[in-house]
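*Asks:* Quick one: this structure, given as structure tokens, is what I'll be asking you about.
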Amino acid sequence: MTEGQVEKPITSDIKEDAEKIPATQGGNDAAEVKDKGVVGEASGGQAEGEVNQNNVVANPPPASEGTITIGEALEAAVLTAGNKPVEWSDAAAIQAAEVRATGRTNIMPGGVAASAQSAATLNARVNSDDEKTTLADVLTGARGKLPSDKPATRKDAEGVTGAEMRNDPHLTTYPTGVAASVAAAARINQSK
């Protein structure tokens, strides 16, 4: 482990239990979340977690069999536009996708939207394209960074596309970027 990296103290059992708990919408205080099953916080650079075994759902219902989720669409953007440096329009599209996938209106620290915003800020200050953070750097493993996910819909695609266009200087979307991936997922889901 290199200096500056933080060891993840969460064991695979706790992580698996946390993934089985349905995510709640909106902000909750710690007492509400503790009753749902998992409490996580960071204090002094150390991550702390607690699992309440009483409310863990053994087999959560699948989202919808055979549909493509927003998280999967974000990961698909890595395959089509992974080498593209993250720009403000990409960060806005990723934020819109995260908000729609999780149902939360605020950006989660350490989430894909926060990473994308940091990357866009850094890339705006860097001159060399070789040193810029790419979509692949931000979106690889996006499903694991989202606390909840849902199948992509037409409304989700419209929101993500609008966010990307509003934040692009030419009012366009990148042809194989984030908005295009979410739109493709929504089209596939709509045809099922």
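Placed from the backbone N, Cα and C atoms, the Cβ positions cover glycine too.
Note that this is a predicted model, so its numbers are computed, not measured.
In case it helps, TrEMBL gives these features for our protein:
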- 146-158: compositional bias 'Basic and acidic residues' (COMPBIAS)
- 68-125: domain 'SMP' (DOMAIN)
- 133-191: domain 'SMP' (DOMAIN)
- 1-64: region 'Disordered' (REGION)
- 142-174: region 'Disordered' (REGION)
*Asks:* Take the domain 'SMP' (68-125) and count its residues per DSSP category (helix H/G/I, strand E/B, coil), listing them in that order.
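*Replies:* Counting residues per DSSP class in the domain 'SMP' (68-125), I get 41 helix, 2 strand, 15 coil.
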*Asks:* For the domain 'SMP' (133-191), provide the mean pLDDT of the predicted model.
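*Replies:* A mean pLDDT of 96 is what the predicted model shows over the domain 'SMP' (133-191).
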